[in-house]
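According to TrEMBL, the protein has these features:
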type	residues	note
SIGNAL	1-20	signal peptide
DOMAIN	86-142	domain 'Potassium channel'
TRANSMEM	90-111	transmembrane segment
TRANSMEM	118-138	transmembrane segment
TRANSMEM	169-191	transmembrane segment
DOMAIN	180-258	domain 'Potassium channel'
TRANSMEM	203-223	transmembrane segment
TRANSMEM	235-257	transmembrane segment
REGION	282-401	region 'Disordered'
COMPBIAS	313-324	compositional bias 'Low complexity'
COMPBIAS	329-339	compositional bias 'Pro residues'
COMPBIAS	373-392	compositional bias 'Basic residues'
Amino acid sequence: MRSTTLLALLAVVLLYLVSGALVFQALEQPHEQQAQRELGEVREKFLRAHPCVSDQDLGLFIKEVADALGGGANPDTNSTSNSSHSAWDLGSAFFFSGTIITTIGYGNAALRTDAGRLFCIFYALVGIPLFGILLAGVGDRLGSSLRRGIGHIEAIFLKWRVPPGLVRILSAVLFLLLGCLLFVLTPTFVFCYVEGWSKLEAIYFVVVTLTTVGFGDYVAGASPNQNSAAYQPLVWFWILLGLAYFASVLTTIGNWLRVVSRRTRAEMGGLTAQAASWTGTVTARVTQRVGPTAPPPPEKERPPLPPPPCPAQPASRPLSPAAPEKTEPPSPPTPPTPPTASALDYPSENLAFIDESSDTQSERGCALPRAPRGSRRPLNTHRKPARPRGPGRPRDKGVPA
């Protein structure tokens, strides 16, 4: 992710947090102040009714009661009652362990011993990754089963000749509706019946639980009137399936957003190309209407190469009259070379041309610079003169040149 995108996303999240804080403050702060005023009125009424109790003793008693309630004590029961309800029976302890590895952590029951807190640290470090693996597998199977069922409905829609785009939209809506029916609406009515909550309280608990927020103000099975040991384990299995469904939904939304992002980039690239083409077309038309622009300055001419020392002569030019008076026998006939009327393009090729055929050019009639007759000397004095080789004279290897 780019730095600018990350900073923009951080700004959006911070703005979202500030807006949520302002809304919650406006909604909840008056209620808190009202509850505090009511507590003060009840406290003053108690002190007037019991003048033997001091204000300081009453404050200490209220603090101890609050700590006991935070530790899981039930104010409806006392030491003389025969209630067998406990916050740490097998079913409740199983549910508490499930809230640890699911990272919900309602907070209605908390650990009070140092040994329990130390064990909770290692238990969470091992259990949370293990539950994540299980959640991924369950979510995959659950999503596949729901998609398979929706696939049959898509086939029916396609038989009715419904457009494929509309079929995809309908399948996505059915996937969401079916999951909400199974894991949100049905548990809401169950909790309303079993726990005695209102519909708002029940759906609030469902959403807070499946989003792993877990405030702890509403917890299924925490009431002392609930005596079934299998109730809270069943609630935990519902949490497992509900979290798997929500994970599948979030994965689907992420894939959809990724596809939309790729299509948006492709469309923006196409629009950029069209804009560039349109700009070029408009520029060309404007140039044609205004008139041709000034011609570009002529390129700097390359200086001509020096002529070769032995330019080729035209074929119609007769040979020099001094050629028959050469004492050297005629060399074997060679294929005629085409006349070169101009120098080659590159100086390196000219140098190679001169170096290879300086002698043969003189035999073919090139107009090499000749010395006057009687005072002709070879150009290279250190070069060994050629020996005449006639057709009937054998080569004498022993005779020095």
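The backbone N, Cα and C atoms fix where each Cβ goes, glycine too.
If one looks beyond the transmembrane segment (203-223) by at least 6 residues along the same chain, the residues whose Cβ comes under 8 Å of a Cβ in the stretch are 87, 91-92, 95, 99, 102-109, 183-184, 187-188, 191, 194-195, 197, 231-232, 235, 239, 242-243, 246. Under DSSP, residues within the domain 'Potassium channel' (86-142) fall into helix, strand and coil as 41 helix, 0 strand, 16 coil. Remote same-chain residues near the signal peptide (1-20) are listed as none (criterion: CB distance under 8 Å, separation of at least six residues from the stretch ends). Across the residues of the domain 'Potassium channel' (180-258), the predicted structure has a mean pLDDT of 87.
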